[in-house]
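The block underneath contains the structure these notes are about, expressed in structure tokens.
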């Protein structure tokens with residue numbers, strides 16, 4: 001099979017930069033796991049890190065088998081999906097892909113694999129604390145094939161219908177951000193709310209995990225947004241700086257809004273805001289002037305913060321704000337790319353473009369709207385149908401039972417725990433009919449102290465060591481909820 005790329009155009013600097021960027025995007029995957037793990041309750045922390053790393057493994061296999069060929073085939077004759085010309089990485093070698101004419105095709109394919117592996121991990125956050133591991137692993141393979149690959153082909157492949165329409169989406173506003181955000185919304189539509197949602201006051205259990213995961217995400221995002229841009233023309237530097245500016249501005253705006261609402265600062269709010277800013281600038285990273293990252297970051301901080309508030313008021317249990325940050329932020333970013341895309345910046349690589357609204361090309365906004373709407377509709381609709389179909393098969397039922405949800409997914413799904421005290425408490429309350437492969441618990445169940453006493457309050461604090469406002473009364477599996485007085 002022939003490849004239109006020219007081997008004599010390969011550039012060592014561009015190749016090294018893309019390999020380094022591949023490693024940077026890889027770091028985003030465990031970073032996402034840690035970011036998510038800190039935002040949920042301690043009994044579910046490990047399961048999210050595990051699922052993010054499993055997504056990397058599953059999608060790597062899928063990508064080599066047929067994912068790369070379906071998503072980025074340069075020989076397909078239709079605008080919807082690629083062919084199988086590159087299945088099992090056939091002819092993926094030193095010959096470059098048209099999207100990256102100066103690097104070997106295998107380097108470009110590996111770089112894109114990291115994008116594909118990160119995306120389902122983002123979506124899984126919409127089902128945090130209530131999802132079974134086995135069906136999620138199978139779903140990840142299917143979802144990447146029927147949701148991510150088609151959208152990626154539309155937007156990035158030479159024959160994609162949105163590519164031919166003239167869409168501007170540099171680093172994944174449609175295929176990564178919108179697709180994951182609306183897939184998370186589909187998870188909520190199928191699985192429903194967590195037990196106790198709206199009755200218990202849940203707090204992120206580990207803010208240090210949130211900051212650590214966020215640091216990996218921020219660091220990796222430089223490779224995510226700038227890895228595919230040219231070093232020589234300066235567009236990689238532009239993408240690097242727009243990512244930094246948008247994240248910083250959105251983080252500041254989100255913190256300011258939260259302070260105005262709550263009269264206190266929060267590291268969690270800063271991290272959420274900065275992620276929203278980087279989500280928004282992703283489709284525009286090397287297509288706009290650096291100054292455009294300021295209004296894009298500010299808009300992301302404002303709109304995504306409001307989206308979180310609206311979700312809470314509507315009773316939507318998006319516990320990690322995947323839809324509010326990635327879905328809303330992705331749509332906003334794709335549309336603002338149509339506003340701020342600069343034909344002079346795009347032209348640094350010799351590419352002819354009419355730019356966006358700032359260049360007088362208002363029609364670009366309609367193209368961007370078509371891309372955002374099609375990506376959102378396809379992701380939500382297909383994700384919902386796949387989830388419903390799989391959920392009808394008992395072995396692929398997604399939601400854990402009530403007892404497992406109360407005990408936590410770390411123990412009931414993995415037989416492990418991120419924290420030893422969670423394992424000990426789960427074992428102490430585990431029914432004899434559901435033995436697990438863990439060692440004998442280090443503690444035994446003690447008599448329940450009288451409600452409201454100092455001993456009862458101390459017991460609750462042990463269950464939630466990072467939460468200054470103890471809220472649960474009774475055993476982890478009792479399902480009873482009551483507010484206890486704060487310790488004096």
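Placement of Cβ uses the backbone N, Cα and C atoms for every residue, glycine included.
Annotation source TrEMBL lists domain 'Ammonium transporter AmtB-like' at 16-419.
The annotation region 'Disordered' is assigned in TrEMBL to 468-488.
Distant neighbours of the transmembrane segment (12-36): 48-53, 55-56, 100, 102-104, 107-108, 110-111, 114-115, 117-118, 121-122, 125, 128, 209-210, 212-217, 219-224, 226-228, 230-232, 236, 271, 275, 320; these residues of the same chain sit at least 6 beyond its ends, with a Cβ under 8 Å from one of its Cβ atoms. Residues annotated as transmembrane segment in TrEMBL: 12-36 (among others).
As annotated by TrEMBL, transmembrane segment applies to 48-68 (among others).
Here TrEMBL flags 103-124 (among others) as transmembrane segment. Nonlocal intrachain contacts for the transmembrane segment (103-124), taken as residues 6+ away from its ends with a CB within less than 8 angstroms of a stretch CB, comprise 3, 5, 10-11, 14-15, 18-19, 21-22, 25-26, 28-29, 32-33, 48, 51-52, 55-56, 59-60, 62-63, 67-68, 71-72, 86, 89, 91-97, 131, 136, 140, 143-144, 148-149, 152, 172, 175-176, 179-181, 183-184, 187, 224, 227-228, 322, 326, 383.
What TrEMBL records for 136-156 (among others) is transmembrane segment.
Residues or ranges marked as transmembrane segment by TrEMBL: 168-191 (among others).
Sequence-distant contacts of the transmembrane segment (211-232) (same chain, at least 6 residues past either end, Cβ-Cβ under 8 Å): 13-14, 17-18, 20-28, 30-38, 99-100, 111, 115, 170-172, 238-240, 242-244, 247, 267, 271, 274-275, 278, 281-282, 285-286, 348-349. Per TrEMBL, the feature transmembrane segment maps to 211-232 (among others).
Marked as transmembrane segment by TrEMBL: 238-260 (among others).
Positions annotated as transmembrane segment by TrEMBL: 267-285 (among others).
Per TrEMBL, the feature transmembrane segment maps to 291-310 (among others).
The annotation transmembrane segment is assigned in TrEMBL to 322-341 (among others). Same-chain neighbours of the transmembrane segment (322-341): 122-123, 125-126, 168-170, 173-174, 176-178, 180-182, 184-185, 188, 272, 275-276, 279-284, 287-289, 292, 295-296, 299-300, 303-304, 307-308, 310-311, 316, 353, 355-359, 364-365, 367-369, 371-372, 376, counting only residues six or more beyond its ends whose CB sits under 8 Å from a CB of the stretch.
The transmembrane segment annotation in TrEMBL covers 361-387 (among others). Only residues 6 or more beyond the boundaries of the transmembrane segment (361-387), in the same chain, are considered here, and those with a CB under 8 A from a CB of the stretch are 123, 139, 142-143, 146-147, 150-151, 154-155, 162, 165-169, 173-175, 178-183, 185-187, 189-191, 327, 330-331, 334-335, 337-339, 341, 343, 354-355, 398.
For the transmembrane segment (267-285), the list of distant contacts is 35, 39, 168-174, 176-177, 204, 207, 210-211, 214, 217-218, 221, 224-226, 229, 238-239, 242-243, 245-255, 258, 292-293, 296-297, 299-301, 304-305, 308, 321, 325-326, 329-330, 332-334, 336-337, 340-341: same-chain residues at least six beyond its ends, Cβ to Cβ under 8 Å.
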